[in-house]
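K.L.:
Sharing the record's features from TrEMBL:
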DOMAIN    1-469  domain 'Major facilitator superfamily (MFS) profile'
TRANSMEM  56-74  transmembrane segment
TRANSMEM  86-104  transmembrane segment
TRANSMEM  110-132  transmembrane segment
TRANSMEM  144-166  transmembrane segment
TRANSMEM  178-197  transmembrane segment
TRANSMEM  267-290  transmembrane segment
TRANSMEM  333-350  transmembrane segment
TRANSMEM  357-376  transmembrane segment
TRANSMEM  382-404  transmembrane segment
TRANSMEM  416-439  transmembrane segment
TRANSMEM  445-464  transmembrane segment
Amino acid sequence: MSDIDEVFTKLGFGKMQFIILFSCFNLQIWMTNEQLGFGVVIAGASCEMRIHDRRLAWLMAASFAAQMVSCFLWGELADVYGRRRIIMITSIVANIVSILSACVPEFWGFLFLRSVGGFFIAASVVCLMTYLSEFTKISLRPRVLTIMSFSLGLSMIYVPCLAGVLLPLRMEPSSWRILLLCNQVPGIIGIIILIFLPESPKYYLSINKQEKAMQVMERICRMNKGKEVTLNSLGVESLTQPRLRQPSQKHGSCYETKVLLLNHAKIMWFFFIIFFSLSGLGFALPIWMLRVRVLTATFPDWDTICSHMDEVSPDSRGHIECHLTYEQMRDPMIHGCVVLALFMVTTVILTWLSRRVVIIGFICISIVGCVALNFMEHPNLILISFFAIIDPLICSVRLAGSMLIDLVPTHLRGKVFALISMTGRAGVLITSVYVGYTLSHICYVTFNIFIIVLIVTGCHVYWLPSEFQRTSFAN
């Protein structure tokens, strides 16, 4: 029997992996459009939907609460029915629901449909990195997953650029509705490509379907090496992988979840804390950054954010223009460029430094950004401080995810990523509601609490073992 990771090394990172990467890349752009890019849509919809701070907080909370509730369901189904099938079905449903939400005339219907969309998009959040990683040899996995994360930066450039063109227009239907429809295009492209792609061979091995795993690997072999090359010609007659679940081994969703939370409690709880904090701040704050920048844009004098927020009522929309300008989209465009550049730099840094060291370094940068927001008055310095908080944490979430994939055997990955994604979504939900209810009342507390949270998170990353004992998750 040949180890499947050794076979992937022989086959290299070829045509099949590039096509899978392109599909996942487009799906990740769409997912980012639907989550981080949604803040730009809301900025354009604030007048028509009468969205003030608390409505914004609950709109984001409802979407991420739906994701949090559904994550474990999708993780279970992905381990049973396969990653590709779950991604494809749920992405189609989420895409349709998002298109319908662009047609809703009032806030509460919009809130409902965004929550339903969040319920189904959670499946891609749970499964997408796992699906791509299971076609990639271990040594390339961190860099390939980081390259897929370039899509976050591209999405954060794509949405504001399109918004800068559409939102200033006075048109029917409203320009923000057209923007929301345009945000679905990358998802449609990714789904169409995914239809023609195979299921993960590692998933087939995890459910003891050797023949189907061989068929998928044969297809990869022919695409990467040419039609004349077969697995037999490379000396591969059958496949195996480390830490396969034995047929006689007791299993079941409740049993395996119990094993994860009890037998491996220390490492799992470390990852819960890490994902809660990094996801909460990294994915909730970009929406509030745009909100704050738009709210404070018309103040004539330079001052700190908190001084400006003292003058804004929490239930008002401040001085927001109903038709935003291209200039107001410049900050999100710059933000996307910074995120993209940071992921590129991270890809290079990983050549020399371990993921744990990089994450700790990024957390330190975010702490400096939180401190700086207390004092910065110039609008550009405030923007840089926000970038320093948010962008390193977004990169850190992806790096922590790749660490977890390496740690967990195939038959547990869906469940583990579901649990971690639930924790991350809980972080986003709580952070969003917390900022919504404190920003206009106790602004200085809002950002300084994050310093304490980041210090605790950095300590937990430091306490993670530098060399994971993979066999510890085998049973």
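Glycine too: its Cβ is placed from the backbone N, Cα and C atoms.
Explain the structural surroundings of these features, please.
P.N.:
Within its own chain, the transmembrane segment (56-74) has Cβ neighbours under 8 Å at 35, 38, 42, 86, 90, 110-111, 114-123, 125-127, 284, 287, 291, 414-415, 418-419, 421-422, 425-426, 428-429, 432-433, 435-437, counting only residues six or more beyond its boundaries.
Sequence-remote contacts of a segment are chain residues at least 6 beyond its ends whose Cβ falls under 8 Å from one of its Cβ atoms, and for the transmembrane segment (110-132) they are 20-21, 24, 27-28, 31, 34-35, 38, 49, 58-59, 62-71, 74-75, 77-78, 83-84, 86-87, 89-91, 93-94, 97-98, 100-101, 104, 144-145, 148, 200, 398, 401-402, 405, 413-414, 417-418, 421, 425.
Sequence-distant contacts of the transmembrane segment (144-166) (same chain, at least 6 residues past either end, Cβ-Cβ under 8 Å): 13, 17, 21, 24-26, 28-30, 32-33, 36-37, 40-41, 43-44, 129, 132-133, 136, 175-176, 178-179, 182-183, 186, 286, 324-326, 329-333, 335-344, 346-347, 350, 394-395, 398-399, 401-402, 405.
Packing against the transmembrane segment (267-290) from elsewhere in the chain are residues 35-36, 38-40, 42-43, 56, 60, 156, 260-261, 331-332, 335, 366, 386, 389-390, 393-394, 396-397, 400, 404, 407, 416, 419-421, 423-428, 430-432, 435, 439, 450, 453-454, 456-457, 460-461, 463-465, 468, 472: each is 6 or more residues past its ends and has a CB under 8 Å from a CB in it.
Packing against the transmembrane segment (333-350) from elsewhere in the chain are residues 142-143, 146-147, 149-150, 152-161, 164, 286, 289, 358, 383, 386-387, 390-392, 394-395, 398-399: each is 6 or more residues past its ends and has a CB under 8 Å from a CB in it.
Residues 281, 304-306, 346, 349-350, 382, 384-390, 392-393, 395-396, 399-400, 444, 447-448, 450-451, 454-455, 457-458, 461-462 of the same chain lie 6 or more positions beyond the ends of the transmembrane segment (357-376) yet place their CB under 8 Å from a CB of it.
Under 8 Å from some Cβ of the transmembrane segment (416-439) lie the Cβ atoms of residues 53-54, 56-58, 60-61, 64-65, 67-69, 71-76, 78, 122, 125-127, 129-130, 257, 260, 268, 271-272, 275-281, 283-285, 287-288, 292, 309, 314, 397, 401, 404-405, 408, 445-446, all in the same chain and six or more residues away from its ends.
Nonlocal intrachain contacts for the transmembrane segment (445-464), taken as residues 6+ away from its ends with a CB within less than 8 angstroms of a stretch CB, comprise 267, 270, 273-274, 277-278, 280-281, 306, 356, 359-360, 363-364, 366-367, 370-371, 373-374, 389, 400, 403, 434-435, 438-439.
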K.L.:
Quick one: average pLDDT across the domain 'Major facilitator superfamily (MFS) profile' (1-469), no decimals.
P.N.:
83
